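Quick look at what Swiss-Prot annotates:
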- 805-818: compositional bias 'Polar residues' (COMPBIAS)
- 840-861: compositional bias 'Low complexity' (COMPBIAS)
- 870-880: compositional bias 'Low complexity' (COMPBIAS)
- 925-934: compositional bias 'Low complexity' (COMPBIAS)
- 949-977: compositional bias 'Low complexity' (COMPBIAS)
- 992-1019: compositional bias 'Pro residues' (COMPBIAS)
- 1038-1061: compositional bias 'Pro residues' (COMPBIAS)
- 1062-1076: compositional bias 'Low complexity' (COMPBIAS)
- 1089-1099: compositional bias 'Low complexity' (COMPBIAS)
- 1100-1132: compositional bias 'Pro residues' (COMPBIAS)
- 1133-1143: compositional bias 'Low complexity' (COMPBIAS)
- 488-511: region 'Disordered' (REGION)
- 801-828: region 'Disordered' (REGION)
- 840-1159: region 'Disordered' (REGION)
- 5-47: repeat 'WD 1' (REPEAT)
- 66-109: repeat 'WD 2' (REPEAT)
- 118-158: repeat 'WD 3' (REPEAT)
- 164-204: repeat 'WD 4' (REPEAT)
- 208-251: repeat 'WD 5' (REPEAT)
- 255-295: repeat 'WD 6' (REPEAT)
- 298-338: repeat 'WD 7' (REPEAT)
- 382-407: repeat 'WD 8' (REPEAT)
Amino acid sequence: MVRLREIPRTATFAWSPGAASPLIATGTRAGAVDVDFSNETCLELWDLGLSSQDASQELQPIAKIGTDSGFNDLAWTDSEDNSRGVIAGALENGSLDLWDADKLINGSSDAVISRMTKHSGAIKALQFNPKHSNLLATGGAKGELYISDLNNIANPYRLGSAAARADDIECLDWNKKVAHILVTGSSAGFVTVWDVKTKKESLTLNNMGRKAVSAVAWDPEKPTKLITSTPLESDPLIYVWDLRNSHAPERTLKGHESGVLSLSWCPQDPDLLLSSGKDNRTLCWNPQTGQAYGEFPVVTNWTFQTRWNPHNPNFFATASFDGRISIQTVQNTRTDTARAIADQNQALDGADFFAKAQTQPQVSNFSLPKAPKWLERPCGASFGFGGRVISVGLIEKGKRASKIKITPFEVDEAVAKSTETFENALKEGDLRSICENRASQAASDEEKADWKVIEALISENPRKGLIEYLGFQDQADETADKLAQLGLDKEDDEVNGESAKESRGSGAKKHKRLQSMFDANPEADNFLSDLAASKGAKTNNPFQIFNGSETEADKGITRALLLGNFEKALDVALKEDRMSDAFMIAICGGQKCIEKAQEHYFSKQTDGPNYIRLLASIVGKNLWDVVHNADLSNWKEVMAALCTFADDNEFADLCEALGDRLEEQIRSTEDKSLRKDASFCFLAGSKLEKVIAIWIEELREYEQKSIETAADDTSFSIHVRALQSLIEKVTIFRQVTKFQDTERTKDADWKLSMLYDKYIEYADVVATHGRLQVAQKYLDLVPEKHPEAEIARNRIKLAMRHATPQRSQQTVPTTRTPVNKPLPQASMYPAQPAFSATAAAPAAATTAPRNPYAPPTAATAQPVNPYAPPSAAATQPQTSNSYAPIGGGGYTPAGYQPLQPPTYGAQPLGGSVPPPPRASNQSPATVTTYTTATNLPAWNDLPEGFTKPPTSRRGTPAAAAATISSPFPNQSPTLSQGPPPPGAPPTQRAPSVPPPPKGTAPPPRVTSPPTNLPGPSPAANPYASLPQSPPMGSAMGVPPPASIPRGPSPYNAPPSMPPPSNRYAPSPAAQAASPQLSTRAPVPPPPHAAASPYASQPASHPPPANPYAPSTPPPSQLPMQQAPPPQAPPSRPSTASSQRKAAPAPPKYPPGDRSHIPSDAMPIYEILSADMQRVKSRAPSSFKAQVEDAERRLNILFDHLNNEDLLKPNTVADMAELARAIQARDYETAKTIHIDIMTNRTEECGNWMVGVKRLISMSRATP
């Protein structure tokens, strides 16, 4: 519960009616004395401003008017004639005053509606009728009870006679169901039920010896039930009555310690009742069962009035004689948790010791066992992701049991149908039929053209298909027809003595392609063969090579040909401009001569026909000239030339360039008809990034046009259909062209970003219709680094029950705890651990759902006796070790293991078996205390961030409990500690346990701490290293030599090393990482010990998995036999040499320097630091401490790499491989390498290894 606002007045009050922002009217309480002894009486109106979360400013009245006397009661009702209603005041001088609330707020001088003085004495109570707001009942001294009508306020009528009774009427209440029934309570103990219709009393309750009545209230739903209360200090009771049996109360509610002064029955929920009284308390009850739910914050004086808000029962107000009216809510804000966090945030050094005393007002927390009725719903429905509707309905009316139904839901059935049809067609693989179907159903010529082009690309020879689509398949025959019309194909009348007609054959077509213009003729076939001279053959046509009439050019050509010098002959022919001769010579001379002849020919034909330039581009393989310079009206001819002659490696770019020219013309001329031509070019060149922009523009235009013309379709249906068509075109196009997206690995600046947005939108649409797998398929086409796709993918995977990082808060089973919990007693002797002859396995524990950012959760302790000293675990051990100190058993972090209290009558462990002796320089064993978690959520918790938790004056990170083993911040604590020797008094004694508190604790006081008693133990850091597991050997093993010191465990720091008292001192784990920092020689183990008798206690409740929690290695093998108690080692002589500290070796380079990291180790630094920054930027702010701790540990690794110490070359190589695995998000490989290093190279591991472990877990959990 939280106190939302406070009005600094000692006054009676009334809530404003209606659903508007709540106002409160206050009237100075009659008989009350202010702190300044003012005798001013007034009526004030207050705006609570509940819409603002800032509750720090003191409220000021928005209206105020003086009165002649103090108030005993106030009422506020709706009125047809007054917009904000009418306020009625019961004054001490017997006057009944009425005010217009709207005029009061506006500051009008005529706010007073009327003033009536029918009562001869003080008016003690008044109330408007809930059914007829114009009827007002007033009761006061001498038994006077009047009913007033606001429409005729001057003529009230009285109920009862003056002679009937002379006691004062203290309270009254209208029946909530029967409008003419009224109940009154008097100082003489009479509880009378009146029938206003007959103006007579109906009955009088037998009020248990005529005890005075301070408050009455009717049940809001049952017309025959009411409650009464007595103001007597000796008998502060609340009676529940049923008028069907008026001789005795149905139930008696006992909870107040002094007289009850006020009651308020919630109008919206008959199971909620508020009561306040002289014991300064406000209680919440269930009057139907008599159960007391709890109490609200205790004040310092009587609480004389409490009222629910009539419209919003989440709020209620309580007035007390300490000068405050508190406006509160029934919702829980988990104040105990906030206070515990504030205590943990206090600094651990002496500067803030006294700052831990909290000065906040005392509060009480309780949770209602069931939701209030106004929060219950008989039925409800919610749309769920994935095309589901979750509906809740009652199984049977009147019973508090409901059933849940999950049914599929589709916004538009056509969407699901078209999606399913398309996906099935894709599975069948008949792409041509899809294109034909979509082209026939196309809504525009542009869309139809797109599908036709895609269909043309399906053929085995796509270029030929494109040429045929452009209409060039019959161009040869058409050209032949035109030549025939011009008479250019006429031949001589006779060929070899035969007419041309006869030579062609009678059945031949008149015009054919060039290759078929000559019919088969045997003589013609033998023509060339006849020309070839066979061996020994003679001819009748002699000739001379030189006849004397030749020109010099002829002679030069002849001589060159005779010698086979075709290039020289070509040069002469070209020089003489004999082009026909030159081409024939070039054909004989080979490719080089042909290219030379072509080049000369084209250079001479610069002003020739257009086909010459086209031929030049084709022959010179320079189609860019045609693409960039040909007129765009002939773009089809250009496209045909590209399809015919372009090389495969240039074809796509040439098509794109032609499409770009068409787009430029579209922008310059605004001729949108050219868009389909540009689309053709981009489709032919497989340029999806270019055509998608045109398609999206067409999609928008189609939507706008369809919305304007559609009669029945919704805008959503139109948009989804257009989007479906776009996705289908893109999908088919990608399959036909085997399009490969090369930008999926990029982080930004994608060419297909517009398409990616449509993919994400389409995935959301189809997922909403229940097609999750289809949605996932299209999201897989979007780059992994796309921020919106990443969110959508996680959402889809969650809906499909795939494993994804969970960021929700842990749900812990709620248990009911007392309001004031006693502090657990801390014992200076350790609890007995349970040892087993076999390897210990942690007991199965119920863990909350995994949360990668949640801090470790303490195990649940068994609540047996909070005042008994702690004892051994409840499990029965097979063999017990009485001398094992308490520690992080089973690799559980210190501070998380519960102390199991014994049952009543159990003897404290400290007095049962004497502990073993300890060395003279050893410190007492660390004592771990356990506090039950109190941050358990309830149904009525306020939303996150509604209230601001209290913060300490210093921003020291929170830490859990542990003892300070050394008063000097820079001194390294001993690695092994034990309990005090037998018979010797302990160094510290735990304070005695206080008796159980009575009732609610009073407000806290600030006191000085005792000077000779130990101060509060600072909390052990929950994010520090785990306790070290002692080395385990075989049952009959030989102890290791004392001269070989054991370094700290590669997994955790020793359990006896708490954080130093100075917040700026190095961490103990860092101090213990180097053997030179040890303050004393290691103590050898006791003789004949199979293993260390100070083994850690195995944890019975392992903590939940948490990437930010310290790593938890598997449990160690426990010894097979129990070792006897060790003997005390001899005390060392006090010499200067033994007390001298070993000076730590200074590092080669200062911490933070990264300039000397070797090249082979540089990838470790670059990759891990970059990934750490990624995690740091995305992790929730509430887990800042965990992230910073991991970063600090990584910096230790980087310092080692910079100094080239600790890590061997093979470890550096493995760490580089681990870093690359993290970069590739191959966390399993990284984890395997990490475990291998920790297992096989423990001497190279330190605090940095825990940082690497946490980074792997956090990186995996961070999207």
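The backbone N, Cα and C atoms fix where each Cβ goes, glycine too.
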Overall pLDDT of the repeat 'WD 6' (255-295), taken as the mean: 94
DSSP residue counts for the repeat 'WD 5' (208-251), split into helix, strand and coil: 0 helix, 17 strand, 27 coil
Within the repeat 'WD 7' (298-338), residues counted as helix, strand or coil by DSSP: 4 helix, 19 strand, 18 coil
Secondary structure tally of the repeat 'WD 8' (382-407) (DSSP, helix then strand then coil): 0 helix, 16 strand, 10 coil
DSSP residue counts for the repeat 'WD 1' (5-47), split into helix, strand and coil: 0 helix, 21 strand, 22 coil
The repeat 'WD 4' (164-204): DSSP-derived helix, strand, coil residue counts: 0 helix, 22 strand, 19 coil
The repeat 'WD 6' (255-295): DSSP-derived helix, strand, coil residue counts: 0 helix, 21 strand, 20 coil
